[in-house]
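Asks: Pasting a structure below so you can have a look.
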């Protein structure tokens, strides 16, 4: 096995049965609720909780003037925080440097996820540590948002937690027994050859990708004849793509290892699909050759906005009720070095290959705070999709000009019959061509130079 021996960790300092003996089953107002939280002594300020409770009650009272958080949501939190059962998680560790490509999978029930998140709401939560200063696992403390009354984002993220327990109160026993599958996979890269786990079924039957030798069209001929496209560019949100896998533009430490009043793409995804928060506890920081896939995750909340404009927007009722979520972290800088080009090609190919779904919703992966180039990451993901037989739905997110430009580039690449191998050679030439450097071309300029040169021949 490539991973370390299995280690189990219980994130609850006080067991559910102890919690049941300690806190009341009902409270009538915020002051009594605050006394419950004070029992655990970890959430020192609760102004954010108070604001979010008032906001949630206001939303609910539009339909039912008698609705009360303390009669509806609090009992649900207590129910799950005190539910009997094993609260231990198996830690999904990083691979060893010498490991052969492989996967490690762990399952966790919805019930267990709710138990842990409910205890995090109450403040009964702890992190896994190994007596080292290097943080390899995250934590699920809500302290950074529980006391933030005046930030725009903190109450909105808390509203998503309130809605989770509001909805979960009505879930059946069968639903609660359903399991979320968490798969951590790792690959090996040697020069431009990527070796994948045997669990990845590639179209050409091998478990190895020779990037610069991959003699398949970047834009399939079938697409020009009305067949399936390898990539669909649209200007809607990522959630607007057909049901399939959904890419988490992850940090190497998932969700940066903590819960703060912030709403990046990854943080918004976790708030909309709160079961993902449990990965902060048991998924070790990702290495350069690793990805994580979550299957059977419930999408609970709708939202609107992003970053400071992020807002909870009620219960999610669209077609993406159950998600397969792919967490892949792009490089954080130096995107055009050969090492990072191959690193991120490998991340995307390994992740796409491990997804059970054919359709994958993605977008400007690695292009926010990580500083990536949209055209570059688009071509990278297209290469990975073609190598693994998947179809990417690429969101330009309300950027009609970008959508049109990418579609035009695709059409020209298709007419020229550019192969995946050729495109990968171009990607690997970027460092020598000073792409993205002072005095050098942008990737779009570099790509168009290549296209024009081929069109002229």
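Every residue, even glycine, has its Cβ placed from backbone N, Cα and C.
Feature annotation from TrEMBL assigns domain 'PARG catalytic Macro' to 231-403. According to TrEMBL, the active site annotation covers 248, 266, 267. Among the features that TrEMBL reports, substrate binding site is placed at 251, 265, 306.
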Asks: Between 248, 266, which of the active-site residues has the fewest other CB atoms within 10 angstroms in the structure shown?
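Replies: Looking at the active-site residues 248, 266, the Cβ with the fewest others within 10 Å is that of 266.
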Asks: Can you tell me how spread out the substrate site is, meaning the largest CA to CA distance among 251, 265, 306, in Å?
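Replies: That value is 17 Å for the farthest Cα pair.
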Asks: If you draw a 10 Å sphere on the Cβ of residue 265 (substrate binding site), how many other Cβ atoms land inside?
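Replies: If we count other Cβ atoms within 10 Å of residue 265 (substrate binding site), we arrive at 20.
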Asks: Same chain only, sequence gap of 6 or more: which residues have a CB within under 8 Å of the CB of residue 306 (substrate binding site)?
Replies: 263, 265, 268
Asks: Whole-number Å distance between the CA of residue 248 (active site) and the CA of residue 266 (active site)?
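Replies: For residue 248 (active site) versus residue 266 (active site), the Cα atoms are 6 Å apart.
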Asks: How many Å separate the Cα atoms of residue 251 (substrate binding site) and residue 266 (active site)?
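Replies: Approximately 8 Å lies between the Cα of residue 251 (substrate binding site) and that of residue 266 (active site).
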Asks: In sequence order, which same-chain residues at least six apart have a C-beta under 8 angstroms from residue 267 (active site)?
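Replies: Looking at Cβ-Cβ distances below 8 Å from residue 267 (active site), excluding near sequence neighbours, one finds 157, 255.
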